[in-house]
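As annotated by TrEMBL, domain 'NnrU' applies to 69-287. Sequence annotations record features per position, and here TrEMBL assigns transmembrane segment to 25-44, 67-86, 98-120, 190-218, 268-287.
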Amino acid sequence: EADAPVSIGEDSAEFLLSKQRISSWVYFAAILGVVLYALNVFWLDSETGFGKAFIDLISGISDSHEVVMFILTLIFALVHSGLASLRDTGEKLIGERAFRVFFAAVSLPLAVSTVVYFINHRYDGVQLWQLQGVPWLHELLRFSNFVSFLFLYPSTFNLLEVAAVDKPKMHLWETGIIRITRHPQMVGQVMWCIAHTIWIGNSVAVAASCGLIAHHFFGVWNGDRRLSYRHGEAFEAVKRRTSILPFAAIIDGRQKLPEDYYKEFLRLPYLTVTVLTLGIYFAHPLMRAASSNLHW
């Protein structure tokens, strides 16, 4: 059997306690608290924030919840992907940390508004099918949704960079979930959308899913383009032995899995994602209550 190729990219989800500093995580907790407070005051609170006015503005475009849902998703996609495309230029102008703060300050409120609108209007569309009575469907979709989160959030493994505590980098991952698919966030989002659309079965869910999936399909092209620009031949080498379609590179032999491949998942970041995913599932009633209290 041929030897596995020498790794060029980085080891994803690597977490070494010896490299962690307590001060960095204290700083991270403080930043998280400030961000959540600012998000509430300047966006979520109906009296002091702009979130309700934003939703009212977009809702005034059409009486159709499907149209509003799609527009909200489109606005988020344009801002999020647009700023991502400007990352190289932005980091040169104001620095990596400042650009990450600006990116989050613009993207996060739009993401929250889109999610809240979906939660509040997920049952307002035209019912296209009704499959809740199908045996085992709920369990199957719940499992699919759980797996989708393992794909969705590899970028959050470096939380200190997400919060700009450490200097943000454009990583070239090569291990873990990347061996299965080079674009795990896209795969996870498609899985999440399919599961929720099948279960809800109405036109609002279809509109939200179409917008999100289209955004992530664009992200596949845009992400590869940006990684190629930043990492050059190193990315091309990783690209040759990975695939967009899950498991395709493994099946056709371009990706050689190490014998102890499972160990690449037995790490704290994956455990954290697993615990948070279970927490989010059981917190669905709280999420629905919080969203309805915003009266959006």
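Glycine residues also receive a Cβ, built from the backbone N, Cα and C atoms like all the rest.
Between the transmembrane segment (67-86) and the transmembrane segment (190-218), three or more CB pairs separated by 6 or more residues in sequence fall under 8 Å, so the two stretches touch.
Model confidence over the domain 'NnrU' (69-287) stands at 93, taken as the mean pLDDT rounded to a whole number. Beyond its flanks by at least six residues, the transmembrane segment (25-44) meets 50-51, 104, 108-109, 112-113, 159-160, 163-165, 294 of its own chain at Cβ-Cβ distances under 8 Å.
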